[in-house]
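Feature annotations, reproduced from Swiss-Prot:
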- 128: N-linked glycosylation site (CARBOHYD)
- 192: N-linked glycosylation site (CARBOHYD)
- 350: N-linked glycosylation site (CARBOHYD)
- 25-442: topological domain 'Lumenal' (TOPO_DOM)
- 464-482: topological domain 'Cytoplasmic' (TOPO_DOM)
- 504-508: topological domain 'Lumenal' (TOPO_DOM)
- 530-543: topological domain 'Cytoplasmic' (TOPO_DOM)
- 587-591: topological domain 'Cytoplasmic' (TOPO_DOM)
- 613-618: topological domain 'Lumenal' (TOPO_DOM)
- 640-649: topological domain 'Cytoplasmic' (TOPO_DOM)
- 671-685: topological domain 'Lumenal' (TOPO_DOM)
- 745-786: topological domain 'Lumenal' (TOPO_DOM)
- 846-858: topological domain 'Lumenal' (TOPO_DOM)
- 880-894: topological domain 'Cytoplasmic' (TOPO_DOM)
- 916-931: topological domain 'Lumenal' (TOPO_DOM)
- 2-24: transmembrane segment (TRANSMEM)
- 443-463: transmembrane segment (TRANSMEM)
- 483-503: transmembrane segment (TRANSMEM)
- 509-529: transmembrane segment (TRANSMEM)
- 544-564: transmembrane segment (TRANSMEM)
- 566-586: transmembrane segment (TRANSMEM)
- 592-612: transmembrane segment (TRANSMEM)
- 619-639: transmembrane segment (TRANSMEM)
- 686-706: transmembrane segment (TRANSMEM)
- 724-744: transmembrane segment (TRANSMEM)
- 859-879: transmembrane segment (TRANSMEM)
- 895-915: transmembrane segment (TRANSMEM)
């Protein structure tokens, strides 16, 4: 069975990885010829301000007194330049946002997982094409463009990473550092002839990355005074820098200024997903080559922002974030970034119609070059009779459009040129997408075949080894035939040869060949399949259809709960009514009432706000007090039992109570310290990490008696969970655990009611007994319900207090007891552990259910695996790459979550077994347990 689980784990890793090969592969191509506009540019230099984490509404709206938070930028909009909204794409993170701005290229979603400093951009950018680029700002952003550039013409000046502290006194210092260093740089340049000559060259870029707004947004939220004050500080800094540039270059009118943001931020201070507050960023441009403000009487937009911002009379020009890169390159006359997919927003340009037409033509040729390279690459690795070209953009059509565009330019029909080039760009982008997804159907079919095969094999294994379903059916053993293995070997050779002649990547061999051994294992059990069919036919059709419908309904409720959290409430409400629909109510009234009460109490959580809630430390304190009260009741009741406690066990419980008290103190004092802007106290940080480290060790010191061990696990994990909580979610594990304790009791009642085995006294059961294989029984129909309950509780543990399908559901304030200095992977790991704590509590309860119902962990675990895999297959079909970016990201993340859950089940099952069965001792004395 160990071999089966090892192979199962490997297969699930392949299925998990498949989504990245099918949907997350980078569309990058190399080998294009650089393209640039053959006319003199309007600007010699460009200054790019990126206010990290700045929302469009936060910049453009007026405050409660009717004044702008950024009066200088507002004045630019009304009197000097052009403005609009830059629409970003998912993931709304700093690296992808800057790549889109500076390279005109949308990285795939997996870019979020890349280390920023150690992973320079692998493609061309504005900085790379410039003669020189000087950049100031965050050490997380600047190095990736400098290291990715060819040559050494990109210079970076960044502060120490420790400055990025969410608990710092004043995050605006990150921005004032940038402004001060830029001023010092230009002051120094006057006395340095070499530097002076460089900054007086043409085709140069100055990049100012301003992180203060993002840091204040994470720490205090965008509605805070700190966030809004930071916008004013940035506005003042931009005003000073613009004045300095104009003075330094003698007001030569050859400087272009671009002010924008990489992404926005949600009301609760996070970003990463596709909410409008994250995807709508400001864009303000002025200076050389930029149109002056255009007064209009009416504008057509689907939103009501213009009226809210009182900018309805100034023409708003919206762009996609990647469009800013070709705008900047055309302004200073450098080649368009080779991998750019941005479309030049000609409405921003203040130049001749000829310049606009030539720039648009260059833009079209540059994107068409990518299409040609992509098509050639795909054609070279596909058999001629299997290759299907992109019909909308044939070679002849490309030639005709380009020829017609040149003819229009010659005859000075510039509007027609712009329109024709936009049409060509849209076709080329469609073609790029077509060839990028060319193999998607082949890969998808193989993954689905493998999935169905695996589910079939796991189901057959359950029926064959762990049930009585085919007992009594004919056991005639047939001599194995060599035809089946030979057939599969032949098919495998054909598939491998087909992939080899097409020069496919090695991963294609994995996806293409994996279904073969799986289906071979299924068809080897043909006798079991026959016996199963015979056995099923003996059951009444109505019973079979009823069970099938109930199972399907249960799966659909689980799937729908990923989209609508209130489905969890509906499911838990149905669970609450379950005892009254059976004989449980008559046999165990108190247990049934407890089950109903805690089911309904837990059902409240999915109805509460997912995110956007303000921190409420009083609820965290309340949860801590409830834990202490419960602990006092349990310890008191156990101490009353004769010989139930020895000193060591009492010491462990007191240690856990002390840990809970310390956690409450740390949460309160950390919150107070951060509000006073005094940062995270070192002692609090030490206590937090010590609590986290001890939470998986202290339970091993407690008694292995079932309820004592489970309660010890709850106390230890709750101490850590309190440190990671900011509001009502601190109550969630407590309510969930209470329901788990009742679940263990009620399952014993159902087992006795069904007459499968006699009821054991729970106070006499020790977790160490679960290694006794002689006590295990065969599976019955009711065990499918138990497995379904587990999956439902696991999904509830995931979605009970938030929608983790979305990156922006994470609140960074959750980790402030552990660290406040920006560290994406450490913070991510802590938040992942916060998600897994309820998961661990459910798995430990499941261990107890298996033990009390005398079931093999393997048999019940197999049913859980089948249910999870059916859900995963469901979500695989729901994955899409069309519609809004929020829909695309959500559909992919749902599949990733279910697959992760299935893989984590194996590891968490092992962790739960370790926590429940392992016993450590403080001293060498022999242990005694109460009966």
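Glycine residues also receive a Cβ, built from the backbone N, Cα and C atoms like all the rest.
Everything Swiss-Prot records as a feature, shown here on the structure.
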residue : record                      : DSSP (3 states)
128     : N-linked glycosylation site : helix
192     : N-linked glycosylation site : coil
350     : N-linked glycosylation site : coil
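Residue 192 (N-linked glycosylation site) sits 24 Å from residue 128 (N-linked glycosylation site), counting Cα to Cα. The C-beta environment of residue 350 (N-linked glycosylation site), restricted to residues of the same chain at least 6 apart in sequence and closer than 8 Å, consists of 42, 289, 290, 291, 292.
Fewest other C-beta atoms within 10 Å: among the glycosylation sites 128, 192, that description fits 192. Assigned with DSSP, the residues of the topological domain 'Lumenal' (504-508) fall into helix, strand and coil as follows: 3 helix, 0 strand, 2 coil.
The transmembrane segment (509-529) shares more Cβ pairs under 8 Å with 2-24 than with any other stretch in the list 2-24, 566-586, 592-612, 895-915. Across the topological domain 'Lumenal' (613-618), DSSP assigns 2 helix, 0 strand, 4 coil.
Ranked by Cβ pairs under 8 Å to the transmembrane segment (859-879), the stretches 443-463, 483-503, 619-639, 686-706, 724-744 are led by 443-463. Contact between the transmembrane segment (895-915) and the transmembrane segment (2-24) is supported by 3 or more Cβ pairs under 8 Å, counting only residues 6 or more apart in sequence. Distant neighbours of the topological domain 'Lumenal' (613-618): 221, 268, 667-668, 671, 726-728, 813; these residues of the same chain sit at least 6 beyond its ends, with a Cβ under 8 Å from one of its Cβ atoms.
Beyond its flanks by at least six residues, the topological domain 'Cytoplasmic' (587-591) meets 579, 742, 745-746, 749, 752-753 of its own chain at Cβ-Cβ distances under 8 Å. Counting residues per DSSP class in helix, strand and coil order gives 11 helix, 0 strand, 3 coil for the topological domain 'Cytoplasmic' (530-543).
Long-range contacts of the transmembrane segment (483-503) within its own chain (CB-CB distance under 8 A, at least 6 residues past either end) are made by residues 380-383, 509, 512-513, 516-517, 519-520, 523-524.
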